[in-house]
């Protein structure tokens, strides 16, 4: 870290890692504290493990340029692959791990995750400091008895027969080995896995671990996939891993720069896809310097605040709406356009100063016909009203305990939301003052 700060890096903070930097899956294994969210796709994909917070933050925050992590058996490459960003496992022993808590000293390596390969290369250069080739030239001059004690049979075989160093210092590596790590498959965070079994087999991701070679993740693009979480087509990243000969780390980073310059790779963006796009939920907060920053963090069961297009897409042509219990009217057949205009208005859910969270309790379903279903839900709707859209100062709170009927109809073969009827049981604090247009002044104070 001192090397980075010497080059002008500003350390922003620390990030979540899995317990003991071990291999864990979201929800199933993250027990003591919550796993970070992967912002890509439907926002409900596993962020991978160990350096999960580093990968999630780089894919989520535009103001964050670089994240440091460690890779023992894939702890940088895994988060990089599933979140479609650049990440590297350096040649083992190239970078000092003095004062770092070890997991496996013979396998541990530090590395970076980044969206911009130019910045990634500059950070790697700061970490390496000296030319890696000069380090290995020095190592090659040492007695073979010392080297043999630090190599395994696989390492010798691979580095001598599969991917040896080139005699040309400009090319460094005799070749490159490519393997696929991120293949755009859904790995949802709400799945529970089988009990652990003895390890079996050997994956391509383990080559660099045992051969001590550099292995880096290159995001190639993204592909569409239908999500069972959002019921929409989302986009998942596709990545490839590039392995070079031991000590040829700079070659890989320069290759990424050249591929961006040639238009083959891209500088990546934050969001639901590697080319951008809104994440399922947004939070506003203010840094110490007073600049407003929008962090986009995914959250289960929550649509993007003000993602009105997504809401419009699930509405039936007409809706039954009974808002009499929250100070509005009742409509037997409100058009979808009128419903959108009402809920998105500044005096209702479109108010940027209002934040709300709906917690659903017991639920039952009533099948009225082949084309109509009614959902009956217990509900606690919590609201906070702020003095301004920067959401710094709370003005008032108002919470409602209710049951809610939701209506669904099949329209042209597709199930659509067709209305609602909340039945308020009791309120907490100043619920009547949450929405500006819901109650008249006389009703608020009656």
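Backbone N, Cα and C atoms are what each Cβ position is placed from, and that goes for glycine too.
Sequence-distant neighbours of residue 358 (active site) (same chain, six or more apart, CB under 8 Å from its CB) are 379, 380, 381, 382, listed in sequence order. According to DSSP, residue 358 (active site) sits within a strand segment. Per Swiss-Prot, the feature active site maps to 358 (among others).
Counting only same-chain residues six or more apart in sequence, the Cβ atoms lying under 8 angstroms from the Cβ of residue 383 (active site) belong to 354, 355, 356, 397, 398, 399, 400, 431, 434. Positions annotated as active site by Swiss-Prot: 383 (among others).
What Swiss-Prot records for 323, 404 is substrate binding site, and it gives similarity to another entry as the kind of evidence. Residue density at residue 323 (substrate binding site): 17 other Cβ atoms are found within 10 A of its Cβ, drawing on all protein chains shown.
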For residue 404 (substrate binding site), the number of other Cβ atoms found within 10 Å of its own Cβ: 19
